[in-house]
Structure formats: C-alpha cells, structure tokens
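As structure tokens, the structure follows; a few thoughts come after it.
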Amino acid sequence: MAATDFFFAFVFSFALIFGFSFAGDPYVSYDFTLSYITASPLGVPQQVIAVNGKFPGPVINATTNYNVHVNVLNHLDEPLLLTWPGVQMRRNSWQDGVLGTNCPIPPNWNFTYDFQLKDQIGSYFYSPSLNFQRASGGFGALIINNRDLVPIPFTEPDGEIIFIIGDWYTQNHTALRRILDSGKELGMPDGVLINGKGPFKYNSSVPDGIEHETVNVDPGKTYRIRVHNVGISTSLNFRIQNHKLLLIETEGRYTSQMNFTDFDVHVGQSYSFLVTMDQNATSDYYIVASARFVNETVWQRVTGVGILHYSNSKGPASGPLPVSATDVNHPWSAMNQPRAIKQNTSASGARPNPQGSFHYGQINITRTYILRSLPPTKINGKLRATLNGISFVNPSTPMRLADDHKVKGDYMLDFPDRPLDEKLPRLSSSIINATYKGFIQVIFQNNDTKIQSFHIDGYAFYVVAMDFGIWSEDRNSSYNNWDAVARSTVEVYPGAWTAVLISLDNVGVWNIRVENLDRWYLGQETYMRIINPEENGSTEMDPPENVMYCGALQAMQKEQHHSSATKSMTNGQLILIFSMMMVLLSSFSSFC
C-alpha cells in the first residue's frame, strides 16, 4: 500500500511540474529564441528576425486567466524587448516589454516574462519594441480563447486560420534605421507579406520564384480567420475573392456581426472574421492585402496575394485581383467602416456577464487629454516626431523601477494635456500623471498627412467618435455612449480626430504610442503613470525576482551564467518543484 501511495504521489508531483494544474489557474510555457536567419520573402535574400527559427514566430495559444511564461533568449547582436499589444498585464506593468517599464535584454541573455491573461479573450500579437526590429520580424500571433463555461456568440467554427500581414522592405531594420537617422523618410515599401511570404504571381509585375501563402480549406465549412497587421506604416485592405467576411471580434471584444466584402486593417490592429467556404470550386481564389489611401497605380507592388485552395478545386486562380468596395479617394467614405463597428452588448466576453453591462456612457469625465500629432520636424538638427510638441526620449532607468528605488530626475510628470502652440518642439522624458480610478477622454488629433494608429498599453478604451476637422467640446454630443467597441489600437485619419474613453483602474506606467513604426521610432509616444496613493499591495504587483537593472541601477544587475540548454524557471514553477519535493519526501518517509 505504501508503495502505491508513493507511486501516486510521484505521478501527482510530476503532473504539477509539467503544468497540469489541479487548483488555481493553469499556465502555459514557451521558450523563444530570437535570432537572425536569411530569407527571401520578396525574392531578395535578406536578414530577418526569426523566433525559434520561424518567420513569423510561433503562435502563443492560451485561455482566459491562464498564466503565460515566455522565456526569451536574445541571439541578436543588439538589445531586445518583446511587447504584447492589447494584453492588459493587470497590476503588472513590469511585464509590458517597453523601455519605460523594462530594461532591455542584452545579446546572449535571457529574460522570462510571466503574466496572467486576466479576464481577456481575443486576437493579439507579440513583437519586438526596440530599435525598429519589428521591421525585420520577431512577431507572431497571440490568441486568448474563451473558457469552456463562457459561450461564444456564434456557432463553433470548423477551424481557425491566422493571417499576419504587413508592409515590407527588402532592407533590414538597421538599414531602415539609418535612413530615418539621416533625416529622410523611408519611402514606398517593397511589398506586402502574408504570413511571411510574398505575392502569388497574379500578373507579370510579380517576379518569378517568390514563395506565396496557400491556405487549404474544405467546401461548406466555416473558419474563424484572425488578421493582424504587424507592418511598419501602411494601412492594408484585406479581402478574399468572392467570399464575405463576417466581423465577429476585434482585440478582445465581440462585435455586432456585419458582413463585409473587404476590410481595412490598420497598423497594429487585429480582427476576427467568420468566412464560409460557399463558392464553387472551379478555381482557387485570391487572398489580397493591398495598401490603402495611396496612389494605387504607383503602389501596385505594395500588394500581398495568397491563394485560398478548396480541397476539390479544379484549377488555379487567374484574372485580375478583386478590388476594394470603398473609394480610397474619399476618406470620409472609408471612415464609415470603423464607425460601423459596435460592441455586441448581449454577448459574454471573458466573463459570463454581457460585455455591455459596464455603462461607460453614464460616467462623468474627470479629465480630457488632447494628443496632437504633426508631420516630423527637425529638433536639434535631427528628424523627430512629436505629441503635443514633445518628442519622447526614454530615460536611462525604466520609470516604475526608478520609482521603486527612489531614483530622482529620471523623468518628469508635466506632459501637457493639450497642444502648446506657443512653444517650440522639444525633446523630453515628460509623461502624463494620471489619477487612479479617474475616467478620462483622450482625443487623438492627427494633423499629420498620413493615417496613423494609436495604441495604449494596459487598457482597452471605448472608441466613441471619429470625424474630420479639429475636435471641440461640442462634439461630445455626437459620441456613441451605448455600444462603442472597446479595443487597444485605433485608427486616426489625416486631418481628423478620434475620441476614446478610459477607466483608469490598472495601476502602473503604460505606454501611449503611435503604432506606425517610423513615427514611433522618431519619438511619437509618451507614458501614463497611474499610482494608487493608498497602495497596500493589492493594486500593483511587486517587481519580479528576475527584474533586470540598467541606467542608474546598472550596478545592481548580476551577470547571467547559463548554458543554452538550461531553461529559465519561473517563480511558479519553482514553487511547484518545491511542493513536489515535499510530497516526495513525505511519501518516501511513509514508505520507509
């Protein structure tokens, strides 16, 4: 009997180590090695950033409330951070993966991110946040599934398909950095990739020898298609020839379900659609991601083309590509599409209660921030991009770490809540000092000449209005105060504004940035610091034990000594191992 007890104790402990949780929230673990490989997505050999040798990287697939551990080993020749746009990192900005909250991972070092997907579902991605590296890869999809007890507001699809799309240059990120550092714009991209591959040869303008994406499907089946634009600066129109896209979700919120023939996906955005394979199989069908709001004749090469292949298809796709239904020469017509996106107020989200049960439209606004972007300008002889006349310079010590160790003068809490036209553009480490549990509105005013995407870490905000012109207080009467969708990345058209509402219930330091990589690199960002003055450990987590130190705290950083075969263990895993040892010792004592 004692031997049997010992055996079951061993099995139980073994299961604990390998992630089978009998109590609490489960976890999933990933080991990511980021390194350079040579690839030719547009027919030209170039250096790209792979994750575990893959471009794009592996999918992170988890479920609401799961704990996610990602051990990142940096095999690049420069510092690295990974960030997780849209993952809210509740109480835990230490894991956000941007310079304001994390010290970079040096070459040949590793760092383990450890975060919980608290009360979230939906479609997201991960990507590098430093040194323009996203322009060379290092990205992949991040999927958060519903728990079994929370129903989805549509029939379970027959399968899932992920499309990672984005504009692409045949120069790597270091060459593109040099162009921006020299004071020049990047110019037109060399193409668009779909899942890391170039265009199908749909006409003679496409060179021979380019590998394209082919998606195999079965007739009559319905698939959930997740689309992520991880590109540099180009808004893309996504469409599948002769197939309707039924919009169901964006960045963690189920939407009112609407059919589209094509859909604009802006830089940094993620969407889910249901697509039914209801066409005849006389031929394959084109999958297209093409540049928007540009001269399409000049930008013809900036088009990604893949193939949708029915299992009973009788021939290849041929003929011209399907065109977008929206007139790109009239941006106000295109704006009607995002205006039509509404929250499904009767659907459950991450919890069983309806998404619309939080009545944001009935809460008084405590503060308004108008964040204005302009075309890049020269500051101290260098090309820079600004918000409210400030081009952000990251402090040498991450801000929350500086707070924790009482480092003075690292940053300033004086970011203006509206443009200061009387002041010249300047460089600064100025951030927003926001009030915990406040309810703010942020107006993104885009006075640049290009469409932009704005993102706020740590939060989902309600997109209540967008329009052309200059925002003013009297526009509040046009807000959608009932079923606005909540998301983390929103488009702002040139010469236009977008208004969002945010409930400040997540303590930490959170990045506010433009997702267009060229503008972000040039300084178009800031941070929002939200501190609970009565902090007692319940609203913000302590720094992790593996926190890295840099800047004024560099002397606190210990050297890493590890072999490539050694996997980093998280605190949770160490606790499980300790528990296993205790169980084994106890059982062994009884056995003896």
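Each Cβ is built from the backbone N, Cα and C atoms, and glycine gets one as well.
A quick note: this is a predicted structure, and the numbers were derived from the prediction, not measured.
Here Swiss-Prot flags 1-23 as signal peptide.
In the three-state DSSP classification, N61 (N-linked glycosylation site) falls within a strand. Sequence-distant contacts of N61 (N-linked glycosylation site), defined by Cβ-Cβ distance under 8 angstroms and a gap of at least six in the same chain, are V28, I143, N145. The N-linked glycosylation site feature in Swiss-Prot is assigned to N61 (among others); the stated evidence is sequence analysis.
Residues annotated as N-linked glycosylation site in Swiss-Prot, with sequence analysis given as evidence: N110 (among others). In the three-state DSSP scheme, N110 (N-linked glycosylation site) falls into the strand class.
The DSSP secondary structure for N203 (N-linked glycosylation site) is coil. Annotation source Swiss-Prot lists N-linked glycosylation site at N203 (among others).
The Cβ of N259 (N-linked glycosylation site) lies under 8 Å from the Cβ of K244, L245, L246, L247, each of which sits 6+ residues away along the same chain. DSSP classifies N259 (N-linked glycosylation site) as strand under the three-state reduction. The N-linked glycosylation site annotation in Swiss-Prot covers N259 (among others).
Taken from Swiss-Prot, the feature N-linked glycosylation site applies to N280 (among others). Following the DSSP three-state reduction, the secondary structure of N280 (N-linked glycosylation site) is coil.
Sequence-distant neighbours of N295 (N-linked glycosylation site) (same chain, 6+ residues apart, CB-CB distance under 8 A): none. N295 (N-linked glycosylation site) falls outside any helix or strand according to DSSP and counts as coil. Among the features that Swiss-Prot reports, N-linked glycosylation site is placed at N295 (among others), with the record citing sequence analysis.
Residues or ranges marked as N-linked glycosylation site in Swiss-Prot: N344 (among others). The Cβ of N344 (N-linked glycosylation site) lies under 8 Å from the Cβ of P153, R253, Y254, T255, S256, Q257, Q355, G356, each of which sits 6+ residues away along the same chain.
Taken from Swiss-Prot, the feature N-linked glycosylation site applies to N364 (among others). Secondary structure at N364 (N-linked glycosylation site), taken from DSSP and collapsed to helix, strand or coil, is coil. In this view, N364 (N-linked glycosylation site) is surrounded by 5 other Cβ atoms within 10 Å of its Cβ, with every protein chain counted.
Residues or ranges marked as N-linked glycosylation site by Swiss-Prot on the basis of sequence analysis: N433 (among others). Just so you know, the Cβ of N433 (N-linked glycosylation site) picks up 13 other Cβ atoms within 10 Å once every protein chain is counted.
Neighbour density for N447 (N-linked glycosylation site): within 10 A of its CB lie 14 other CB atoms from the protein chains shown. In three-state terms derived from DSSP, N447 (N-linked glycosylation site) belongs to neither a helical nor a strand segment and is classed as coil. Look at Swiss-Prot and you will find N447 (among others) tagged as N-linked glycosylation site.
Under 8 Å, Cβ to Cβ, and six or more positions away along its own chain, H455 (Cu cation binding site) finds P85, G268, S488, T489, N511, I512, R513, V514, E515. Feature annotation from Swiss-Prot assigns Cu cation binding site to H455.
Counting only residues at least six positions away in the same chain, no Cβ atom sits under 8 Å from the Cβ of N476 (N-linked glycosylation site). Residues annotated as N-linked glycosylation site in Swiss-Prot: N476 (among others).
Its Cβ taken as reference, N536 (N-linked glycosylation site) is surrounded by 7 other Cβ atoms within 10 Å in the chains shown. Positions annotated as N-linked glycosylation site by Swiss-Prot, on the basis of sequence analysis: N536 (among others).
Feature annotation from Swiss-Prot assigns GPI-anchor amidated serine to S564; the stated evidence is sequence analysis.
For N536 (N-linked glycosylation site), the nearest neighbour among the listed glycosylation sites (N203, N364, N433), judged by C-alpha distance, is N433. Taking N110, N203, N280, N364, N447 as the glycosylation sites under consideration, the smallest Cα distance to N433 (N-linked glycosylation site) is found for N364.
Listed glycosylation sites: N110, N203. The one with the lowest count of other Cβ atoms within 10 Å of its Cβ is N203.
For N280 (N-linked glycosylation site), the number of other Cβ atoms no farther than 10 Å from its own Cβ, over all displayed protein chains, is 11. Of all the glycosylation sites in the record (N110, N280, N447), the one with the smallest CA separation from N364 (N-linked glycosylation site) is N447. N476 (N-linked glycosylation site) carries a helical DSSP state (H, G or I).
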